[in-house]
Amino acid sequence: MRIGNGYDVHRLAPGQKLVLGGVEIPFECGLIGWSDADVLTHAIMDSLLGAAALGDIGLYFPPGDPKYKGISSLKLLEQVTDLLAKKGFGIINVDSVIVAEEPKLRGHIDTMRKHLAKAMGIDPGRVGIKASTSEQLGFVGRQEGMVAWAVALVDEK
């Protein structure tokens, strides 16, 4: 078995869509990025790639590449899952945390788990997501951005 961790951060801006775990969440601001800026899914992808010692998402999906402009991060997660399978790895489970002051995410977590599990080809019971705040400290506390951390456990087949 191998373990990997992932981290991602994106800035918030008015007029952008907020997508977390593949779920569009109603909010006056969204995350800025080349793809859909899904900070949670990006952290999960990095944790999976790290567990398999395959680099990070920037290596496979470089910002600025026109084919990834606005793409759903769930589609990228499917590609990462396929890459791991081709390299002989299976996903055991993923756990994650999103840090954001607003919006409150509790009501969206089950749907996020289902979307992420489907993209990874695993049971939703193997996907953990927690939501926390930064207690109004730092750039997250000022609602300038969001952060996500993830850890993945994979096995070699």
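Quick reminder: no glycine exception, Cβ is built from N, Cα and C everywhere.
If you look up Swiss-Prot, you'll see Asp8, Val9, His10, Asp56, Ile57, Gly58, Ser132, Thr133, Ser134, Glu135, Phe139, Arg142 marked as 4-CDP-2-C-methyl-D-erythritol 2-phosphate binding site, on the strength of sequence analysis. Per Swiss-Prot, the feature divalent metal cation binding site maps to Asp8, His10, His42; the stated evidence is sequence analysis. Look at Swiss-Prot and you will find Thr133 tagged as site 'Transition state stabilizer'.
Around Asp8 (4-CDP-2-C-methyl-D-erythritol 2-phosphate binding site), taking its Cβ as the centre, 25 other Cβ atoms fall within 10 Å, counting all chains. Sequence-distant contacts of Ser134 (4-CDP-2-C-methyl-D-erythritol 2-phosphate binding site), defined by Cβ-Cβ distance under 8 angstroms and a gap of at least six in the same chain, are Val99, Glu101, Val140, Gly141.
Site extent for 4-CDP-2-C-methyl-D-erythritol 2-phosphate: among the recorded binding residues Asp8, Val9, His10, Asp56, Ile57, Gly58, Ser132, Thr133, Ser134, Glu135, Phe139, Arg142, the largest C-alpha separation is 30 Å. For the binding-site residues His10, His42, the largest tally of other C-beta atoms within 10 A is found at His42. Within 10 Å of the C-beta atom of Ile57 (4-CDP-2-C-methyl-D-erythritol 2-phosphate binding site) sit 25 other C-beta atoms, taking all shown protein chains into account.
Ser134 (4-CDP-2-C-methyl-D-erythritol 2-phosphate binding site) carries neither a helix nor a strand DSSP state and counts as coil. Cβ atoms within 8 Å of the centroid of the Cβ atoms of Asp8, His10, His42 (the divalent metal cation site) belong to the same-chain residues Val9, Leu31, Gly33, Ala37, Asp38, Val39, Leu40, Thr41, Ala43, Ala148, site residues excluded.
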